[in-house]
Structure formats: C-alpha cells, structure tokens
Amino acid sequence: MTEEIKFSVLVSLFNWIQKSKTSSQKRSKFRKFLDTYCKPSDYFVAVRLIIPSLDRERGSYGLKESVLATCLIDALGISRDAPDAVRLLNWRKGGTAKAGANAGNFSLIAAEVLQRRQGMASGGLTIKELNDLLDRLASSENRAEKTLVLSTLIQKTNAQEMKWVIRIILKDLKLGMSEKSIFQEFHPDAEDLFNVTCDLKLVCEKLRDRHQRHKRQDIEVGKAVRPQLAMRIGDVNAAWKKLHGKDVVAECKFDGDRIQIHKNGTDIHYFSRNFLDHSEYAHAMSDLIVQNILVDKCILDGEMLVWDTSLNRFAEFGSNQEIAKAAREGLDSHKQLCYVAFDVLYVGDTSVIHQSLKERHELLKKVVKPLKGRLEVLVPEGGLNVHRPSGEPSWSIVVHAAADVERFFKETVENRDEGIVLKDLESKWEPGDRSGKWMKLKPEYIRAGADLDVLIIGGYYGSGRRGGEVAQFLVALADRAEANVYPRRFMSFCRVGTGLSDDELNTVVSKLKPYFRKNEHPKKAPPSFYQVTNHSKERPDVWIDSPEKSIILSITSDIRTIRSEVFVAPYSLRFPRIDKVRYDKPWHECLDVQAFVELVNSSNGTTQKQKESESTQDNPKVNKSSKRGEKKNVSLVPSQFIQTDVSDIKGKTSIFSNMIFYFVNVPRSHSLETFHKMVVENGGKFSMNLNNSVTHCIAAESSGIKYQAAKRQRDVIHFSWVLDCCSRNKMLPLLPKYFLHLTDASRTKLQDDIDEFSDSYYWDLDLEGLKQVLSNAKQSEDSKSIDYYKKKLCPEKRWSCLLSCCVYFYPYSQTLSTEEEALLGIMAKRLMLEVLMAGGKVSNNLAHASHLVVLAMAEEPLDFTLVSKSFSEMEKRLLLKKRLHVVSSHWLEESLQREEKLCEDVYTLRPKYMEESDTEESDKSEHDTTEVASQGSAQTKEPASSKIAITSSRGRSNTRAVKRGRSSTNSLQRVQRRRGKQPSKISGDETEESDASEEKVSTRLSDIAEETDSFGEAQRNSSRGKCAKRGKSRVGQTQRVQRSRRGKKAAKIGGDESDENDELDGNNNVSADAEEGNAAGRSVENEETREPDIAKYTESQQRDNTVAVEEALQDSRNAKTEMDMKEKLQIHEDPLQAMLMKMFPIPSQKTTETSNRTTGEYRKANVSGECESSEKRKLDAETDNTSVNAGAESDVVPPLVKKKKVSYRDVAGELLKDW
C-alpha cells in the first residue's frame, strides 16, 4: 500500500529531483518512484504531496510564512525573544548573525532551527499519517489547534523531513520541475484531463495505466475548467501580423475577477482561474443568475466587476470582496456586483467549446437576458454596447485593419480601462491554452506612462535568490517647500523593485547600505523627515537615515493611478517599475506631491504623456536600446501654474460676484476646467492656490493633502453646492448638508440658525432637505417607549390592536401544488404587512414570538403534529409552552377585521391533551415539591378591610432564610437540574424570560391573588374559547401550592400562573393575604419559602380545609404511585423548613417513607412531629400561642406517617416580628 510508505522515501525523491540538473533526469526519477513504491490504486495519496498547489480535496491551511513562524515558535515552546525565534520571525532579513546564507528561504531557516531540537533520526512518519495530519491542520479553526498539529509533526519527523513538510504547507516545493512535466510523465493524457476537470484525484484514479490512452473528456457543469488565456503582445502592429487575414474581434479587457459561472438548475458555482469556488458572490448574484440565464444547465466565462450606479460606470478594481460582503450583510450602497459574460462553454446538455467564437457569441445572446449594471453580455453587436453611456467608446467591435485596433486601443486607454484583447472569431475554446488565438495589449507593455522622479526612503529584504539583501525600495514624493528652500518632508508613495538588473540593484544597495537604519517599529518611530502611514504593507525593513544620503529613481508604471490607502500620497501607481537610477540628480529635485496630483488631474486620473512618438510603438526595440542614452523629452510642469483659459467664456449670471473659489479636489464626473468655467460664467473668480483672497474652498471628498491643508484655514464646501446654484441660477444658502468641514467659529455661528436635526429656522425645506433632516433624527430602540407613543399617538384600534403581539408565520404546505404555494406566499406577505400596520411585530425567531400563525389554504385541514415536525427539538419545546399561542390564520384575519385582539383559545391548533400534558407536568412537579402543612384547607375569601399594608423593607431574601435554616434528615426533595447559575425550575410552565424581570409590590399582590391553583383536575379552568379575566376570584378553589423563591424573586404560585408573575420584585416578599379581595385558596407548605398568612381564621375553617386538602392529596398519591420510580433523589434543604425547625426544637422526628413521582417531578419527604417554642430563639409572647394540630392522613402505597397540623397564623406573626 502506498499509504504505508514512509515519508522519508518521498523526502529522498524530493532531494534527488532537486539535485538533478536536467529535466529528463528529474522526470525519470519521478517515474521510478511511481513504478517502485506506488500502486496504481493509490497514486493520489503521493501525487497530492508532490504537487500540493493543485490539490483541492484539502482546504486551505491559512498559514503563510509569518503565521507559520509564530506557530512553530509556540510548538517548539521557545520564547519570542530567543535568537531562534527572532530568526524565524525575521526570515527575510540578512546578516550572518541572524539569518545567514539562507536568508529569504523560510523552510531552510526553519530546518536550521529545528535541527538543534529534532536531530537526524527519522520519526517513522508514513504518507498516510502525514495526509491525516495535514487534513487536521486544514480543518483547524484557530492558531492553538494548528500549533498542536505542528507539534505532532515535529515529534514524528526529523529536521530534513520537516523542511519538506513546511514546503508542502506553503504549497511551494521548489523542485525545479513544472506541473506540466509531472503530468506528462504520469500519463500522456493527464494534463488534458486536468484542464477540463481541475480534479487531481480524478486524474489519478482514471489514468492508472500509463500505456492505455484515455478518450478525451469534455467539460462538465459543476467541475471547474482551466480558462483559455491570452498571449501577451507589446505592439499593435505585431499583434495584427499574427492575426492578419482572419476575422478579429477587439474587446475591452476588464479589470476584475475572471470567473466561470456554472449553473445547474438553482445550483450556482463561481470558479476562479485557480479553480476555487468563490461562494461569497452567491448572496448578491445567484438569484439574478437563475432568473436571467434561460437554460437549466450552462457554463459562462466572464469577468466579475463592480458597477457604480451614481457614476453610471464600472468602478476601479479591488472592491469586489467588499461589495460582496456588503450585499451579504444587507448594507445599502451605490455600488453593486456586475457579471460581464464574454463567452459560453456549455448550453443545455452539450459542450459548445468546439464551436467557433462567432457561433458561441450568437448562443450567448440567446442564453443570457442582459440586465443593466448587474448581468451584461460582451459581444460586437448588442449586449453591453447598448448600455454604454453616451459619448463613451464601444466595449467590443469587429476590426478590419491595424488602424482600427490602434484607434480602439487609444479610446480604451483614455477611458482608464485595463487594455484590450484581440480574438480570432473562428477559434475554438481551448482549456488552459495560451497559443495566440487570443492576444492582450495593455498600456504598460508599450510604455505609455510618464517617468516620475522619486526618492528612496526605505528598503525591503528579498526572498529566494535575493534573500538576505534589500531587493525592493519604498519611495516617496516631496512635500513642496517654500521658494529657494529644500523640502523637509517626504511622503511615502509606492513600493518598487523590478526593472533593474542584478548588477544595477547591487550597486544601488551598496551605495545606500552605510545609511541603512533598522526599522524597530513600534519601539522607535520612523525618521522625522518621512511621513508614513505605518500600514503593514508599507512598513520597510530598513530606513534611509537621512534624505540627503539617498538616491533618486526614475520610475514608470501603468498609466492608471489608484487611490492609496497604504501610502500617504493621495495616489499610488499600478505595477511600478524602475526605469533608471538618476545619479545625476540631487535628492531635493525629486517630484513633489502637489505636482504629481496636478499631473493626475490634468490627465483624467492617469500618468499618460501628452504626446507619444509614433515610432515608440512602431519600433519598440529601438526605443528600448536607446532609452538610457537619450534624455526623455518629457515636461512635468505643475498644472497649478497654468491658468485655465477662460478668455472665450461669456457671463450668464452674477450669482458668484465678489467670490473667489479654490477647488481642493473635484469629482471624476467633472474636470477642474469645467468648474473654473462654471464659476466665471456666473460672475465669480477662481484661484489656483489657497491664499488669503479665497472666499470659498470647494471639494468633492474629505481626503488628500490639499484637503488637510484647506480645513486648517477655513470651511470646506461640497461641490454639489456650486452645481445646485448654477442649475437654479440663484445663490442658495449654505445649509449643513453642503459642508464637508466646519471651523469652530462657523460651527458656533451655525448653531444659532439650525436646530439639533440641522433644520434651519429661516429656510423652508424641500423634499431632499426633509429626507436629510429625518435621517439625522435618532430612532428610539426602547420597545416600551415605542409602544407607549404608538398608543398615545395612534389611539385608533386598527393601528394598535396587535401592539403586544409578535407573530411567527408558518406556511402549512404539506400537499400543495406550486401555484397554491405561490398563493400562500402572497397571503403571508399581506398578513405580515397588516400585522405591522396593526402595531404588531413579525419575527423569524420562534423564541421571540408570542403567536405562531399557521397559514394554509381554506380547504386544507391543519395537523399540529405535522406542524411540529418541521421544527427542531428546542423549538418543539417552545410549541408546548402556554405563552406561545399556536393558532390558525383565522384568528389573525378576524382580529384584524374586528380591529381588536381576539381570544386565542377558540382558534388554537395545539391539541388539548398536549397543552394539558405540559401544564400537568408542572402540576405534578409542584404537587411533589409540596409537603402538606397541618393547616391546608382552602380558605375563604377575606374581606377587603383585612388588607394589611406591608412595606418592601420587610421582605427577606432567600439567602437569609437559608442561613437561618437547620438541616434535617427528612428534608429530601426532588429537584430539577440547574442550568448554569440559574435556579432550578419548579413548574413546567415557567419560562426563561420570567426569571429576569421585576415589578412593583402592588403588581405582585394583585397577580398572586388572581393566579391561584387547585389540585383537582375538575377545578382547573381549561374551558376552550374563554379567557380567564384577571382580577376575579375563582369558585371552588382548593389548596394553593407555593413555589420556592429564587434569589430575591417572588415565588411562583401555581402551574397555571401567568408568566407575568415571574416578574415580581423579590425584595417585596410580603404576605399574599395582604391583597384586597384575593385571599382565597391559600395554604402553607413545610418545605417551600412563603410568607405566612396574617389574617385570622376560625378553627372550624381550618378543619374543613385540612380534610379537603388531604383527600385531594390521598387521591393523587394513589393514582400515581406506580409511575414514580424513575428519577434520582437530590437532598436539598428547604429554607423555610430549616428556619422553622430552628425556631421550634423537635423532641422526636418520625421518618416517613418517600414516594417516587413521575419523571421530571420532585420527591418530597413528609415531616412529622410537634413544633414547640424554642428557648434559643427567645420568641415573643405570640410564639407561645402557636397551635399544633393533629397529624395528616398517611399514604396507602407507600404508607405515609401521619403528621400533625401546625397553624401558621401565630408563626407568621413571629416571623414578621423579627422583620
């Protein structure tokens, strides 16, 4: 088995291949390894380690050199300050004391560090074990897990083996053998099969026999295909010579992500050129793709771009991921993803790559339905050309001569696009082909950019061949100084390293090396001469100690500039290259930032030269050979010294009279000259510099050096104010919406003219102004405040009848057709809107809902069991909660029709037995946690005059009761498991929400009286369709069960008690009998913490109550004894019982047998004995009057010991007296 091969064998193969000089030797050793050690059925386990960059079965490791160095340091257990740790972290840097000869090669430096800790003996790691560990490494979600895997690898390998493991992780073995050579040696058809499947495992499994040719496989939907590529060409004439005599189409080369879209029904994949599936595009694009691609199966080849709706054009490259993330998070933006399809590879069930490009263009127009700004088609006739803005060039044309190509290329470059692609219309689509059927022409290939003189201020160490020495430079532009003064500040501009030969680079480095200063960020700041961002991508390894010691470089780039976030300069360059080293130029003559910005603005955001010699493109070789000997005839005159020519401008109005404008920056949609002419047309003047005569500073955005300078001196106004004034031909007031920056003086003055929402006291609002004011008003997030104002401001019932409802909609579509499901969806949308209009809320979270409304067609029967099957186990438990009403849509329809919230019981879908089982479980639990007191009969209703006012200061916390309690052997109690730090639940109807709220004592007193319980099933108010009204006493009430307190919260009184009773303030624990007119149904339990009754009752009432309660308890015990053997006991000391036992010493206690209850209930111990006065407690005279009654009846099975009745009337007085 290949899996059992030691990894050391594969390491030997790597070493042999790396040492071999010729390609044939490398290939023969690879072939010998396969024939000797590998079985055909197990090729993949070894090949995936030889070319790891093509293995897509294993996910990304998420480890580059810097992170991998940190993980290795942790895995080895060495300090970050140790020399070996510093070498790993600074692997790029040179110096024999640190990195040595291996500087720039991370795997070799890691091997040196590991060699002193691992030794040379192999750990016996097999290929299978290595693959398993690499799978674990790829699936690890945090650095700690990755470190653990690396530690295991270190234990099972030696330093030489670990070096190759690190290279496999970095997916760069540096064997000097291309994947093309490996495929050719593995099987003659391997490369072709991989190009159409991008599946290395499939290649290894299908091509086991090297001598058996494989039938050429066509592309399939769902499997990535290597894209056809364009050959680079540097000259229009050279490109035309290769395509002469053929039908050629010229297309704009878009600057985006090359993406293949695979559609199979509703299953959409977005494969990149590296055959990675970019699922991040799915949220923004998948629905659009499904609706606008008119076939079920299809493969499109195209470019994913960003469309700017405000500018009506494509945005600059680099924001795809940002826009995809914004769409995924539901953020509004004026930018959106747009896919431009320029080829189709698969239609229906057939591959069309063998058809000509012209035929594929016709298919593309039939298959894709274009949607402006979202899904476009790039074809010569129609498609994207139809949607282009007026005045802009076409995106795709058929060319017939080199002049047509030249003209199209210039138009594309002026439009700031990436370049053009020339395609043979008769060519077929070839996966991975770069033979010249497609050719690309980009501006940097023909030196269309201007040469810029910049100053070196820092350096970066290289890797690989240039490891250990500075190979790239950080260059800067000067901040313009005053006349006849050298610049004192330099702003970071870009990073450049290509363009020089090794000798030229070594010469520059040797001249600067004496002035290198190590960058010790963050310990030491950069030299004060340099203005930098300290961005990680900007931060150099070394600084140039002083600008006077530095050298000027002449650099060129793509003609397009990009707005910089990494560097201080407002613009940076794309693909910069060093043209030559300017030893002849002193350091202070480098280009300044202001001149560069004006150059960019004057050339519409590019660095294009004003006039390019035609011979440059006709004969690029001559230009290249003579570029160093001849001085370029390029003039970079700062445009701020050149006034806009306004001699032919005629005045239209005088709205800007006596005003002088200075434009800090302008939008891309307008040029600086346009604004200058606009100001002059309306009677104003403009200045090219910011001086004291300027009255208005205008800007398009709050960024850039010029903006920072302007805002230090005066207010900065948005350019839209100028446009609005000109469009309306009148001077508009400077409202807050027009300001980009306000000085302190202007801000103070403006506060007298506007309110807190920026609404002016003196000017009327238009529609746009009203929208702005409303957007400035903060929205309240307090739901209670919102409900209060809704009731106050919308007193009509139709706007507030569902104010307290939160509705969760469930579509019941068990046997519906597609059309009926669509109608059900429309019904759901209508009801959602009506709920919102009626003041209710709609939620997608069942835990937040108060009503689950089941939507169904009129004739469809509803089944609660089928409804519950659609939910998770946690949600099923919520469905049984009484607080959640499961109703049909008729309840909602009729409530909306009558403009009032109807009782839910009539419309409930939850079967009564399910609802009762939920409440019944609560009753059983409470029944078992209740030990019947000697006085337990149902009490008659107290008159209103018996209400006793007790302040909240008398309330005792549960903690205090526990401290005063005394442990007892009879106080066995069955309790539910606690969840975290939450108290155990006593009743099944109790909810999590009830544990978190508190209310005033008056609310608690009224709620306790209203929610009394009864033990008898016949006495439970469960009639359907009638809602019990709060505030009314119930008829035929029996003993009341009171639950133990939780912390400072009031105890819950019964299983049917509403959830509102859980929200009582625990500090106000007063007697429930103190309520007005709600004293019925009270009893006291030995184990529960409750306040004693204060009202006095006659002895005859007590005897009647005792008989009734004991009869109910006896019947309940006899009926449930056989089911009560399922749960374990947990000994729990009841606070009130312990307190009573401490107050009344018991001469003798009789242990009672406990009876097991049904699952989920509590076990209770019956306590017998007499309660006498305690000498230790020194009670007052009322304690001596405590009555001791006869014992209770005993249970039948198991027998219960009779217990004596204890009157708690006097005990209550004693307890309250202590308080």
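Glycine is no exception: its Cβ is also placed from the backbone N, Cα and C atoms.
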| field | Recorded ATP site member, picked from GLU220, GLU303, GLU376, GLU469, that accompanies GLU251, LYS253, ARG258, ARG273, PHE342, GLU418, LYS423, ARG434, LYS440, LYS442 in Swiss-Prot | value | GLU303
| message | Helix, strand or coil by DSSP: which one applies to LYS253 (active site, N6-AMP-lysine intermediate)? | response | strand
| request: Quick one: pull the CA-CA distance for LYS253 (active site, N6-AMP-lysine intermediate) versus GLU303 (Mg(2+) 1 binding site), whole Å only. | output: 9
| Where does GLU303 (Mg(2+) 1 binding site) sit by DSSP, helix, strand or coil? | strand
| query | When neighbour density is defined as the number of other C-beta atoms within 10 angstroms of a residue's C-beta, which of the recorded positions LYS253, GLU303, GLU418 has the lowest density? | reply | LYS253
| remark: Per DSSP (three-state), GLU418 (Mg(2+) 2 binding site) is coil
| Alpha-carbon spacing, GLU303 (Mg(2+) 1 binding site) to GLU418 (Mg(2+) 2 binding site), which is rounded to whole Å | 13
